[in-house]
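Contents: one structure, followed by commentary.
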Amino acid sequence: MSMVDEPLYPIAVLIDELKNDDIQLRLNSIRRLSTIARALGEERTRKELIPFLSENNDDDDEVLLAMAEELGVFIPYVGGVEHANVLLPPLETLCTVEETCVRDKAVESLCRIGSQMRESDLVDWFVPLVKRLAGGEWFTARVSACGLFHIAYPSASETLKAELRSVFSQLCQDDMPMVRRAAASNLGKFAATVEAAHLKTDIMQIFEDLTQDDQDSVRLLAVEGCASLGKLLKPEDCVAHILPVIVNFSQDKSWRVRYMVANQLYELCEAVGPEPTKTELVPAYVRLLRDNEAEVRIAAAGKVTKFSRILSPELAIQHILPCVKELSSDSSQHVRSALASVIMGMAPVLGKDATIEQLLPIFLSLLKDEFPDVRLNIISKLDQVNQVIGIDLLSQSLLPAIVELAEDRHWRVRLAIIEYIPLLASQLGVGFFDDKLGALCMQWLQDKVYSIRDAAANNLKRLAEEFGPDWAMQHIVPQVLDMIKNPHYLYRMTVLRAISLLAPVMGSEITCSKLLPVVITASKDRVPNIKFNVAKVLQSLIPIVDHSVVDKSIRPCLVDLAEDPDVDVRYFANQALQSIDQVMMTS
């Protein structure tokens with residue numbers, strides 16, 4: 001039955017499926033709305049499909065969520081922006097449901113449609129919708145309304161604008177905390193559309209009401225709005241209106257509000273300018289660094305470097321550094337970890353002398369921390385300190401910590417340090433590396449954990465790329481090849497993995513003379529796993545070596561393996577032989 005001959009078919013099927021007990025059928029039907037709309041045509045979509053969806057009282061949130069999402073991109077199927085208003089009723093209904101994610105998606109779709117609607121349609125259809133939702137009896141409608149004001153406001157007349165500002169103000173004083181929270185979180189978006197004259201009067205009044213709310217969940221959302229409001233105001237207005245609020249909030253009785261201040265404070269510094277930052281915000285920040293709640297200290301510690309950058313080195317040493325010293329021995333490992341991840345960035349700000357004198361002792365105490373994440377965070381950012389104080393000083397203090405981490409009983413810690421070794425190698429230079437870290441890299445190849453052995457093989461490849469094939473030939477290759485005699489087959493497999501990774505870096509000559517003979521010898525191993533890995537490695541060597549070597553050494557070895565009693569060995573050997581044939585054909 002074709003859809004063109006039977007225009008009634010799609011809507012009938014849709015109705016049947018949307019009333020079906022099976023939720024999956026209902027979901028599939030909703031997700032095919034655009035296909036059905038195309039089959040119906042624009043006019044029937046407007047007159048039949050959309051009204052049907054408006055009346056659809058499905059009680060499953062997943063179906064409603066899918067509908068809210070689909071309707072957001074439905075403008076082309078109803079005849080373009082001049083008919084966009086027909087999509088508003090079903091979305092308005094979805095804005096009032098109980099499930100938060102459905103309402104949020106409906107608001108998002110309404111915003112998308114509203115941003116494309118013509119100004120006259122916005123005034124005739126969208127603004128009344130916002131007012132209806134804002135006056136809704138049930139709090140869900142009022143919560144949804146808060147997210148729509150910034151779309152409705154710009155195209156409204158002066159009288160309507162005044163009314164919308166008044167309605168938004170009422171929502172900020174609503175009895176339900178959920179509505180006030182929604183208003184607080186959308187204040188920044190709404191303020192961005194309001195004219196400058198009303199910004200300082202109406203919006204700042206709304207903002208002040210929210211900052212004095214008795215619910216901490218509302219106040220912390222008001223803090224989030226501080227930075228966005230600060231950017232809309234002139235610096236002097238920002239100092240007059242926003243700064244006192246933030247300073248008060250930094251001493252708020254709720255730790256969640258103080259946590260939010262710690263996260264937002266840096267952005268506010270940009271809005272108020274350098275002078276108020278020094279006099280007002282630095283003391284507030286110092287208070288947060290010494291807060292009695294660990295979560296607040298974590299958030300504040302994460303901004304130490306950013307804050308130091310906007311201050312002069314003298315101010316950073318005077319105000320921030322004493323707090324950093326305290327935080328480095330904080331009782332919470334998460335505070336120390338947050339500090340360790342950013343403290344290195346202070347070195348370029350403070351300069352060489354202050355770094356050596358003040359920062360290095362803190363840095364060393366964190367390197368000896370009992371918590372591995374703290375030590376790792378320090379080592380991962382070494383380059384920033386290296387640039388300031390030079391490698392000699394750094395390496396003396398660094399090595400014991402690296403050795404300790406390299407032998408940590410947690411394998412994930414060992415894995416993390418392996419991943420930093422190439423970075424360390426490039427910073428420390430080849431001389432230091434050979435003396436101190438070379439042995440560690442070989443030690444990891446014989447770790448009990450496979451992930452460590454695999455990472456160690458990758459590490460050797462990256463070191464060979466960093467220091468060059470000659471260095472690798474001298475320091476890596478002989479020791480790796482020596483391990484092929486290891487009695488445990490898993491370590492012999494690690495050698496094969498290392499050879500396959502090193503060969504492209506070492507080039508054809510060294511591969512043929514040193515690496516290939518070891519692989520060929522391993523093909524006689526008694527363990528099938530080794531033999532099929534030999535076949536894989538030989539396949540990877542085909543593009544690297546000359547055709548003559550392929551014919552003389554690789555092919556005969558693979559032919560032998562292709563007759564092995566083990567099925568897996570035969571499979572991988574045949575795969576490699578096919579690969580040789582393809583290479584020969586293309587060349």
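Quick reminder: no glycine exception, Cβ is built from N, Cα and C everywhere.
What you are looking at is a predicted structure, and each value in this text was computed from that prediction instead of being measured.
Taken from TrEMBL as is:
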REPEAT    10-48  repeat 'HEAT'
REPEAT    164-202  repeat 'HEAT'
REPEAT    203-241  repeat 'HEAT'
REPEAT    242-280  repeat 'HEAT'
REPEAT    281-319  repeat 'HEAT'
REPEAT    320-358  repeat 'HEAT'
DOMAIN    358-519  domain 'Phosphatase 2A Regulatory Subunit A helical'
REPEAT    359-397  repeat 'HEAT'
REPEAT    398-436  repeat 'HEAT'
REPEAT    437-475  repeat 'HEAT'
REPEAT    476-514  repeat 'HEAT'
REPEAT    515-553  repeat 'HEAT'
REPEAT    554-587  repeat 'HEAT'
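Listed as Cβ neighbours of the repeat 'HEAT' (242-280) (distance under 8 Å, sequence separation of 6 or more from its ends, same chain) are residues 207-208, 211, 216-217, 219-220, 222-224, 226-227, 229-231, 233, 235, 287-288, 291, 293, 295-296, 299-300, 303, 306-307, 310-311, 315. Listed by sequence, the residues of this chain that lie at least six past the ends of the repeat 'HEAT' (320-358) yet keep a Cβ under 8 A from its Cβ atoms are 282, 285-286, 289-290, 294, 297-299, 301-309, 311, 313, 365-366, 369, 371, 373-375, 377-378, 380-382, 384-385, 387-389, 393.
In the repeat 'HEAT' (10-48), helix, strand and coil residues by DSSP number 33 helix, 0 strand, 6 coil. Outside the repeat 'HEAT' (281-319) by six or more residues, the chain places 243, 246-247, 250-251, 255, 258-259, 261-263, 265-266, 268-269, 272, 274, 326-327, 330-332, 334-335, 338-339, 341-346, 349-351, 354, 358 with a CB less than 8 A from a CB of the stretch. Residues belonging to the repeat 'HEAT' (164-202) score a mean pLDDT of 79 in the model.
Tertiary proximity for the repeat 'HEAT' (554-587) is limited to same-chain residues at least six positions away from its ends with a CB under 8 Å from its CB atoms, namely 516, 520, 523, 528, 531-532, 534-536, 538-539, 541-543, 545, 547.
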